[in-house]
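Note sheet for the following structure.
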Amino acid sequence: MRLKEIQRTAHQAWSPAAHHPIYLALGTSAQQLDASFNTTAALEIFEVDFSDPSLEMQLKGSLPTTNRLHSIVWVDFGMGEDGAGGRLVGGSENGTVTVYNPEVIMNSGAEAIVGQSDKHTGPIRALDFNPFQSNLLASGANDSEIYIWDLNNFSSPMTPGAKAQPAEDISVVSWNRQVQHILASANPSGKAVVWDLRKNEPIIKISDHSNRMHCSGMLWHPDVATQLVLASEDDRLPVIQMWDLRFATSPLKVFENHTRGILSISWSQADPELLLSSAKDNRILCWNPNTGEVIYELPTTNQWCFDIKWCPRNPALLSAASFDGRITVYSVMGGSLKAQQQSTADKISSSFDAMDPFGTGQVLPPLQVPQPTVQDTIVPPLKKPPKWVRRPVGASFAFGGKLITFGNPKLPPVQSPQPVPRQVFVSQVTTETEFLQRSRELQAALQSGSFNNYCQAKIQNAKSDAEQDIWKFLLVNFEDEARIKFLRLLGFSKDELEKKRSEEATDARTSGSVSPADFFSETPKENSNFQIPVSSDTDGLISQALLVGNFEGAVDLCLNDGRYAEAILLSVSGGEELLKKTQQKYLSKQKNSISMLISSVVTQNWRDIVQSCELDNWKEALAALLTYAHPEDFARLCDTLGGRLEQERTEKRCLQACLCYICSGNIEKLVECWASHRDSSSPLGLEDLVEKVMMLRKSIERLRNSEVAVQSPILAEKLTCYAGILAAEGSLGTAMTYLPENSDLVRGIDLFNGLRPFSGFLPHQPFQPQPMPIGGPSAFSPPGPSMPAANLSGPPLQPSSSTPGGLPPMPSPGVPPTSFMPSTSSASGPMPPSPHTGGPVPMYPGGLHNQGPAPPMASSPFAPIGSGYPQGGPGAPAVKPPLSPTIMLKSPLEPPRSPACRLVCDKGLLCESSIATLQTCQHLLYLCFPQLLQQLPAERVEQKEIPAEHMVLKSTFDSLVQRCQLAARDPQTKRKLDDSAKRLGYLYDKLREQSLSHNILNGLHEISRCVASQNYQRGLEVHTQVVSSSNFSEISAFMPILKVVMTIANKLGV
């Protein structure tokens, strides 16, 4: 692309690479005349300013000369620290070599000539300076004259050796670009001589055997010291020959594309793969010397270009001098000519503006001619990117914390046109070393199951007491007798209490009073005669009421007289209803600090305790729940207490609330509380949260013997962020294990798609139940205060001294259950307690006592409590207390059970009054009677039918999955579709139960219609609307996989 142009018939020289701004020096050319036959000569310097879109160049300085020039060079000798200056050297037609100071020329100084010599006897056609020592200059003239000039001592040149014979004109001299003492010269006959200045003699001569080689140019390879090119001016042989001095018998390569003789050549020092040539065929070509291919042709006029030069500073620029008297600056990078065309049009328009061509003295009105639109002409660049626009080095961060780096090191010369191999380095960048170390420790604990050791290490390394308390609570979840240890952590120990009571008794005996133990051990004195009062006072009325059996009246009289002990004793004989009334009346009248606790213990009303107690007594409230709370109420009450603490919005209360959530096993609440009061955005903060969540989750899975799904959106977001950090640090496999399955988060989907090619892990590892031997040495012995063996709920029943039917003892708290835990179990009938071996202390007053089983309770179903522990919290049994084999529950709501389930019940191993699936029963049967498992006939568990109005959903979605399975080819996609067929079963179950809201059902039917019409984009939009307007827990089981299926169908086009 043409950038600048000026009317001159001259030889040219660019300013050195270090010089700024860029200048172009022009010396009037010898043996050429313009149309005016002007014979004057001058040395001019122009500034090449590309901020000006016009073609003109600004003249910076001019110096008249006595002789015209055959050659000119601009060397960087004598340049100042600011990059200005240098020396201009010209070879004239009369054999004079003149050295100019360009700075003086541009400043219009008179003393611009620094040095001058007329040692040569003929015109000087060849000049070149040494690239290693800029003070050394070589010149060539007639009669094989070659001089080496030192600009520091310009008066005494030296010769490289004896003159070559026969004597010929020297047309070209060129310094080697790799070895500073090697110089080459060539003459028009096609012979080239290589000189060694250390020996002052020629070391090799090159000539073409065809004798048609008329050398017009010679250049050394910029990188390969032994290679050079020769250009032929002969129209019979318009070629460029590449020679290698190691094989100097014939040319290494011959470049043929010009049709007439070549006048000038120039080799780019910035890219050895760019070689310029101009010839008599009016063409300027750019060659790739490695391949011999012409990669660019400059658009030129119909004139020969006798001199072409690359710009040292801007490698994309070149200048060409033509015989029609033009000096033109081109760019090989292409571009747009719109600015130049617009500038030309503006000049033409302004030249005719307000003119008076007819001499009338009147200004012509502006022409009302429509202005033609300037056409934007695009000039294409080189076919290949030049070396200077290639990145010499580069770095880029890739997925998974990978750093990709590359470079272009200087390689040994390549003699073949094969591409140069380059190395790309892939390294792993880790910026969070502590995070990775802790993550590896967590992953090792999760894989090995060494949760106790992990928690112990965390306790030892805890930086604060609050952090230590949290890990102590988490550790208890993996140990036996969890509730007792929870109480100890809260500061309540049965042994310590007994010790204090003994000390108090000792002090009482010392003071002379009767100790409680002595009081109960004293034998009552015999009283042979006593009087029964029947008077009208209170004693008499009480006696009369008792004599006639009016217990209620007697109790009222005692209460009115303040005789509370007698009232309670009498109410015990009056029946359970009278006892409850008496307790209520007594407790309503007592308003002291202990009465509320006593009331809750007696009435089992713990809601008032957790809702009304002072928050400073949260430990006491939690201890009461651990001791007395019923299994189905425990988690809910702990969550209520934690919620009250969390509402205080202080860090101290937040940590206390976290302990409550750990006791209840509520992962979602723990995450929300921790995230709202602690910084979990940093990698280490997020690691703190994930460590606690995973330990709590594993303890719940250990008690349930089943997997705990991620249902909380906040937890899903945190785990997705955690997986993202792991992936960014290079732990791709570990990141896959934490990524929530079927996450609707955009980041989670993108992360899964990014991790999928790098890892063969599934996005979620299923929980594998660990078989354990049934029973064990440690029986379940819940803690509690020692109480008299009196049943406060009614008359005592006959005790059961042993475990009938071979029932195994209940697993202790913290030990995984030996059987299964049905995920949808609910009680539908009486639940007598399990008799325990040894001497258990009552855990649930009014329900379980060592006197024997309590009376049957009213039938009331209990649903599992959230995603936390099984009913009862960390210290409760993992399964409901088994019934005696002699008690067979029959309920019209009980579904038909499999033979495996019936056999287990009949053997006394387990009798579950709710739904027991065939798979779980067979699993338990395999543990007990593996030899009978294969003999059992399979029995189909019947399910309810999907309502007729919703059958279209099942048929449409099943058909869509089948079509996708037939069209899918990717194994990963097939696994997703197989999983989708299973997960859609949750939707169908909810349709059978008719538990979905009207809004969700309408959305599902709309999605079904979109699927039927294959309008999946609209279906995904409806899906988004339904998800955003519905309860996440209600749709989390099936809506994510429905989105996955529609996305796959849209991609496959089924």
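Easy rule for this one: first residue shown is 1, then count along the chain.
Note: Cβ is positioned from N, Cα and C throughout, glycine not excepted.
Per TrEMBL, compositional bias 'Pro residues' is recorded for 766-786, 806-816. Annotated compositional bias 'Low complexity' per TrEMBL: 787-805, in sequence order. The domain 'Sec16 Sec23-binding' annotation in TrEMBL covers 542-708. Here TrEMBL flags 501-529, 762-879 as region 'Disordered'. Residues or ranges marked as repeat 'WD' by TrEMBL: 117-159, 255-297.
Among residues of the same chain six or more beyond the repeat 'WD' (117-159), those with a C-beta under 8 A of the stretch's C-beta atoms are 30, 70-73, 75-78, 87, 89-97, 99, 165, 167-175, 177, 180, 183, 185, 187, 195, 197, 200. Across the repeat 'WD' (117-159), DSSP helix (H, G, I), strand (E, B) and coil residues number 0 helix, 21 strand, 22 coil. Each residue in the repeat 'WD' (255-297) gets a DSSP state, and the totals come to 0 helix, 23 strand, 20 coil. Note on the domain 'Sec16 Sec23-binding' (542-708): mean pLDDT across this stretch is 79.
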